[in-house]
Amino acid sequence: MINKLEQQFVERFNQSSSVKAFAPGRINLIGEHTDYNGGYVFPAAIELGTYGVASLRQDRELHFYSNNFKEDGEIITTLDSLDYNGAHQWANYAKGMIKYLREQFDDIDCGFNILIEGNIPNGASLSSSASLELLIGWLIKALFKLNINRLELIHLGQRVENQYIGVNSGIMDQFIVGMGKKDHAILLDTANLHYHYVPAQFGDYVISIMNTNKRRSLTESKYNERRSECETALKDLQKEADILSLGELSVEQFDSLKHHIKASLPMRRARHAVTENQRTKEAYQALQQRDFKLFGQLLNDSHHSLKNDYAVTGVELDTLAETAQQVDGVLGARMTGAGFAGCAIALVHKAALKQLEYEVTSVYKATIGYEPSFYHVTVGDGVKTLG
Ligand code: GLA
């Protein structure tokens, strides 16, 4: 892939690229919609991701080209024109990163060309946008030799989502894309960003990714709505309990306080956040003890809670996860990422992979009308320079 991009770069821009990098996508094993509630998440970087090559220019122009969005052509702007512009499509994620980096670094004082290509399926809730943000950050860091570390880039990526794009997302996606490590998941406490690497090994079991292939719609507005429902619940609880986030509450504490949450929807959203946080800690313990069966059960419980209390699944994700849960050799399955569309994951015995695909495809096709896709990916590193 990268050699092809280097060649194409020369053809398009009449110069060689001077830096090349890769940023992964991610799956989240468990801990969904907990990252903006001060809870735990348990994601892993995957070897699908975004590749990019870049070089400095003599002027102040910025030229972006993506092989995934050929119809947008070469998107051109300048260092002096970095505000959000709908016409600039995907390049807004890049412009946002550059704008915020320029606030910190005067060194970014000439233009550059960037060519990218990703192999994360679009809109699959595997974090193609965080992958793009961190890739651009990494390329700019290399081009201008900026003294900025991974965590700072992670924060900038989240700021791009929140302030530049307008999605009030938590920090999980940028964190795992920035910090991922081959063959490891990260258990991250979003309350204080303490984290540690956990071998993502499941014995004879593997993670299968199942894509609904549903076009995403309204995801951003629904996402922001869920976040504000959690905030409403938190405010009600804070009148009674001295807490900064829902993530501080055990399930028992929540049960004894929940009647203080005035409306029923915020109560259910908060109940998901609290129980999911508990499940994430239990899943970590289960993995440490190689209790894959319990791990799988927790995945099932997570999906159930995301469906019934958090209402972010929908018929496509439910059909994938719930059909997978019934297949012999599957220990558990759940949606992954923001929800509404995108992907589910299943923990499945290696010998049952074919059967999983067969059964899920036939039920999904009969129920939804078109086929899902399946990916078997290995857990890879976070954003990195390519040699
Ligand atoms: C999206 C957001 C993350 C997280 C997940 C849900 O991926 O970007 O911050 O909230 O949804 O767990």
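Backbone N, Cα and C define each Cβ position, glycine as well.
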Same-site residue for substrate (record: TrEMBL; known: Glu32, His33, Thr34, Asp35; options: Tyr195, Tyr197, Tyr205, Tyr223): Tyr223
Ser125 (ATP binding site) to Thr34 (substrate binding site) - Cα separation in whole Å: 16
Where His33 (substrate binding site) sits in the secondary structure, as DSSP reduces it to three classes: coil
Separation of alpha carbons, His33 (substrate binding site) and Ser128 (ATP binding site) (Å): 18
For substrate: widest Cα to Cα gap among Glu32, His33, Thr34, Asp35, Tyr223 in Å: 13
